[in-house]
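One structure is given below, encoded as structure tokens.
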Amino acid sequence: MVKILEKIFGTKNERELKRYFTIVEDINRLESQISSLSDEKLKQKTDEFRERLAKGESLDDILKEAFAVVREVAKRTLGMRHFDVQLVGGLVLHEGKIAEMKTGEGKTLVATLAAYLNALEGKGVHIVTVNDYLARRDVQWMGAIYNFLGLSVGVIQPDASFLYDPNYRLPDRRFDRLRPCSKKEAYLADITYGTNNEFGFDYLRDNMRYSIDELCQRELNYAIVDEVDSILIDEARTPLIISGPSEESTDIYYAVNRIIKYLKPENDFKLDEKLKTVVLTEQGSQKAEKLLGIDNLYNPSNIQVVHHINQAIRAHYFFKKEVDYVVKDGKIVIVDEFTGRLLEGRRWSDGLHQAIEAKEGLKIEAENQTLATITFQNYFRMYKKLAGMTGTADTEASEFAEIYNLEVVVIPTHKPMIREDYPDAVYKTEKAKYEAVVKEIEECYKVGRPVLVGTTSIEKSELISKMLKKKGVPHNVLNAKYHDKEAEIVAQAGRIGAVTIATNMAGRGTDILLGGNPEFLAREMLAGKDYTEEEYKKALEKAKEICKEEHDKVVSLGGLHIIGTERHESRRIDNQLRGRAGRQGDPGSSRFYLSLEDELLRLFGGERLQSLMHFLKIEDDTPIENKMVSKAIENAQKRVEAHNFDIRKHLLKYDDVMNSQRNEIYSFRKEVLESDSLKDKVFELLEIEIDEMVDFYLAQESEGVEKLKEQLSARFDIEVDLSNKSKDEIKEYLLEKLREAYEKKEQKIGQELMRDVEKMIFLHVIDTKWKDHLLGIDHIKEGIGLRGYAQRDPLVEYKKEAFELFEEMSRNIISDILTRLFKIQIKEESQVKVARAQKIQRSDGDGARRPVEKPKKIGRNDPCPCGSGKKYKKCCGKNS
């Protein structure tokens, strides 16, 4: 029935495209009118649009003209005109949807349309890229359009921030036209480019600031996420964590690592390769107890040891060197499983990183305690409007809709796609597969046809590299180890005779032009020389001629050939690799070479194929090439995708609990930060605290009143008479006494200083308690899986316990803030003068210096001078 209706009315995607192309026709009709405007008149359009918005028009009212203006400015500044399909892409982005546009269709240029239109509101637009190089490159490239139209453009990087300035010229092309600025300035720009990591971390950092002037980000208004599938799906489960060192010893990691070689799979522990989980058997537990000299591994005091053993087994059996991580300068550096890039500075959490350090015999860095954390899923769901672009999103359309409420619109290519995708070639062994891959590379190289080979790990790319060296085939290896030259290698991967081996999707974001990229070639020709703008232009002209000649030759050879050496768990990643060929109507082809020893086939249905090959007596070096086989593999991928989606959906339910708590704490913290006076808030908290204290102590039959008086004296320094008063009268009386005491303290300290002290104590207590809460949540997560064995729903139990923990934290925050405020002691003026005088070094008439008395050093076990009643090391001395 659905199919019949689709035939009559078209699919939803087709109906949407029809609507968009109608709007595009209206934009095209404005082209001649807009192109007749002078530069000056064109520049004035931005102010005109802003005035119209101020008078009550909406963005949709000015959309057609704004898009026509951006198209004209792109022609004048970059010599590039937006195609109709690119205008459709801009419309999709403006409506807060995902535009699926194939590789080479100009997504970078598409973003300028929606970014310009939405920036006119003055609330900020964030354009999110997958790496820092692309963020910088896109600002340098597209900055000319925004600058012409009077918009400011910023770019945030981990160690610096910049504003686009066409007059700021540098010989170093990486930073040319990028004027250094503060991070806050970059965020105040109309449009800000940066990576998902940087935007997310800045959000967390802002929620740890102690002054409103230090905040960088504005309200999260509108984001355009480039390579949206990579960021919102592949990295969705990755939490961004800001952490500080914990006080635990690292010896346990070495001790546990030493016993792993004595524990055997199956007998001592069970491995689940699909879920990457470990379970100790009864025999394994007893063996571990004996080896570690522990009586009972499951005694509550040893529960962390069980966790460390599990992580050590995972480190040895699931995490492979040169695949999941590399050892660099004595440190473990994670390899991104999706892009093959090195993730410098990133660490696995939960003790896994330390377990791998122990496995490799490296110095173990102490496990960090989480200070602030958020997942990409929850960060990006905070934007008022979210949109995205990618070459491959349709396979995950249901996930985008369900989790982010984002619709995917598949946009047709500007020119028909003529790439030929051959069926998979499946071999019995990995050895036979790689020999076939190298043979095919050799054949392409002999005729000069460029080849791009996609591998799933550094190890595999280096294996192919070794085999090619033996055959004398020159090639470039592009993996996590050499990502500095990534863009240059990818840009020239379409030249005659180029052989490029790329780990996974490294180099994403840079187009492979058949015949090569003239800009990169021109820079290569001038490498190591000081050159003028004129010399660069000449080199560029020469490079264009060379590339044009090579382009025609490569086209006649059939274009770029893609070889995949293994299927990824996700069809989308495979499609991304294929999508590197056949851009903008160019010819091209692709083929995947697989073996029954590949991980995907081994875990999902390789046995059936193996028995089929055995039954048909197929030789090791003879491949099966059959559409049915490719279909079976695709079905295996669909199963894995569905499985991974379920995991992400399930984890999101857990994370939503944390998310609502985070929002609660951060909005309270923001209220504190933005407040000029917290005095009313202090009195509000006093009412809550006195209510609870009186109810609690008066419920105790004997000595309740005396205990209440003791508490009031210890915490608030007040003596009270509670005789002959009802419960409500006691509450009213105590509030009156405490307000008086607070007013006196304020008079003594001074109004202005008291406001500063309030803010400092509020923020310090909130941060300390939130940090402790995050640790508590981690402990709940560790044990929650065991609830399933007691026939309880772990999610329900987690929600209940997390809520109780949050309630407890909220009570502790109120209690701690009030105790500290009432205990605070400020030195009197005379004491301050004496203290200052002691610090000044006076000299005698003969020039000899008098000894300066050192103030008494506070010992770590001394009472904290802030008056909290805690030891100095557990309070203000914690971070000393």
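Using the three backbone atoms N, Cα and C, a Cβ is placed for every residue, glycine included.
In the three-state DSSP scheme, Lys107 (ATP binding site) is classed as helix. Annotation comment: Swiss-Prot describes Gln86, Gly104, Glu105, Gly106, Lys107, Thr108, Asp511 as ATP binding site.
Among the features that Swiss-Prot reports, Zn(2+) binding site is placed at Cys864, Cys866, Cys875, Cys876.
According to Swiss-Prot, the feature compositional bias 'Basic and acidic residues' maps to 841-860.
According to Swiss-Prot, the region 'Disordered' annotation covers 837-871.
Spanning the residues Gln86, Gly104, Glu105, Gly106, Lys107, Thr108, Asp511 that the record associates with binding ATP, the maximal Cα-Cα distance equals 16 Å. Sequence-ordered, the extra residues of this chain that approach the ATP site, with Cβ no more than 8 Å from the Cβ center of Gln86, Gly104, Glu105, Gly106, Lys107, Thr108, Asp511, are Met101, Thr103, Leu109, Val110. Cβ neighbour counts within 10 Å, taken over all protein chains shown, single out Glu105 as the most crowded of the binding-site residues Glu105, Asp511. Of all Cβ atoms in the protein chains displayed, 23 besides its own lie within 10 Å of the Cβ of Lys107 (ATP binding site). Of all Cβ atoms in the protein chains displayed, 27 besides its own lie within 10 Å of the Cβ of Gln86 (ATP binding site).
Long-range Cβ contacts of Thr108 (ATP binding site) within its own chain (separation 6+, distance under 8 Å): Asp138, Trp141, Met142, Asp226. Proximity of Gly106 (ATP binding site) to non-local residues of its own chain (separation of 6 or more, Cβ distance below 8 Å) is seen for Met80, His82, Phe83, Gln86, given in sequence order. For Gly104 (ATP binding site), the same-chain residues lying six or more positions away in sequence with a CB closer than 8 A to its CB are Asp511, Arg583, Gln584, Asp586.
Secondary structure at Gln86 (ATP binding site), as computed by DSSP, is helix.
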